[in-house]
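Participant: My questions will all concern the structure given below.
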Amino acid sequence: MYTLLSGLYKYVFQKDEYCILILGLDNAGKTTFLEQTKTKFSKNYKGMNLSKITTTVGLNIGTIDVGKARLMFWDLGGQEELQSLWDKYYAESHGVIYVIDSTDERRLGESKNAFEKMISSEVLEGVPLLVLANKQDVENCLSVPDIKTTFSDCAPKIGKRDCLVQPCCALSGEGVDEGIEWMVKCVIRNIHRPPRQKDIT
Ligand SMILES: Nc1nc2c(ncn2[C@@H]2O[C@H](COP(=O)(O)OP(=O)(O)OP(=O)(O)O)[C@@H](O)[C@H]2O)c(=O)[nH]1
Ligand SMILES: [Mg+2]
């Protein structure tokens, strides 16, 4: 009877945990996106003032529950010297959210290079990629087709991975729910796929 009840309890309440990395150049809006996500998806979370967010030097973490999935976010600093730390987290991650500042055409090539380097890592093979075209509230910003054109030569490296380019405004929250729901769907589906290369010993 105890086993039956504990099994039932686990079935109803136990969450499957997934680690999601939030990457992108400095000033892209990663920490703002994380705070907005926590505010939207956690009932009792009293969000911080988004305008008070400053550049990330280490990492920020956050957890949300979406249905039976628990997403644990690692938001890493995007400054050039901090990008060398990104790959230390790849092996643990089930998904990557890559944030782009759509108002910064000048640094779009730099952002593409950092993205390309990241997806070239074998450890991330098969991991879903959510690319956020952030700051869509700003007039004359780059559109999703503009960004897709610049990133188009990454397609062979993306390969068969799930990949979505989602327009978003981390400040207002627009596009955040769509992005998170897509990621949840992908990581759950991925769990039922054959193991990634790194898992084969
Ligand atoms: N207009 C606009 N500004 C945004 C948006 N999202 C973030 N910002 C602003 O962009 C700046 C950088 O945001 P952060 O969240 O600190 O960026 P980050 O990617 O975490 O930067 P690092 O921690 O340095 O890697 C801040 O001034 C934010 O208010 C957005 O959707 N629209
Ligand atoms: Mg930050």
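Note: Cβ is positioned from N, Cα and C throughout, glycine not excepted.
Because TrEMBL annotations are produced automatically, they should be read as predictions rather than curated entries.
Bear in mind that the values here come from a model prediction, so they are computed numbers and not experimental data.
Below, the features straight out of TrEMBL:
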- GLY24, LEU25, ASP26, ASN27, ALA28, GLY29, LYS30, THR31, GLY78, ASN134, LYS135, GLN136, ASP137: GTP binding site (BINDING)
- THR31, THR56: Mg(2+) binding site (BINDING)
Participant: Report the binding-site residues (ASP26, ALA28, GLY78, LYS135, ASP137) that meet this criterion: Cβ distance to the nearest atom of ligand 2 under 6 Å. Use sequence order and write none if nothing qualifies.
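Facilitator: If the test is a Cβ under 6 Å from any atom of ligand 2, the answer is none.
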Participant: In whole Å, how far does the CA atom of THR31 (Mg(2+) binding site) lie from that of GLY24 (GTP binding site)?
Facilitator: 10
Participant: Under a three-state reading of DSSP, tell me whether THR31 (Mg(2+) binding site) is helix, strand or coil.
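Facilitator: Once the DSSP labels are grouped into three classes, THR31 (Mg(2+) binding site) ends up as helix.
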Participant: Among GLY24, LEU25, ASP26, ASN27, ALA28, GLY29, LYS30, THR31, GLY78, ASN134, LYS135, GLN136, ASP137, which the record lists as binding GTP, how far apart in Å are the two most distant Cα atoms?
Facilitator: 22
Participant: Cβ-Cβ under 8 Å from GLY24 (GTP binding site), same chain, 6 or more residues apart: which ones?
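Facilitator: Listed in sequence order, they are LYS30, GLY78, TYR98, VAL99, ILE100, ASP101, SER111, ALA114, LEU132.
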Participant: Any idea what the Cα distance is from ALA28 (GTP binding site) over to THR56 (Mg(2+) binding site), rounded to a whole Å?
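Facilitator: So the alpha carbons of ALA28 (GTP binding site) and THR56 (Mg(2+) binding site) sit roughly 11 Å from each other.
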Participant: Under 8 Å Cβ-Cβ from ASP26 (GTP binding site), six or more apart in the same chain: what's there?
Facilitator: THR55, GLY77, GLY78, GLN79, GLU80, LEU82
Participant: Measuring Cα to Cα, how far is THR56 (Mg(2+) binding site) from LYS135 (GTP binding site) in Å?
Facilitator: 18
Participant: Output, ordered by sequence, the same-chain residues six or more apart from ASP137 (GTP binding site) with a CB under 8 Å from its CB, or 'none'.
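Facilitator: Spatial neighbours, sequence-distant, of ASP137 (GTP binding site): CYS169, LEU171, SER172, GLU174.
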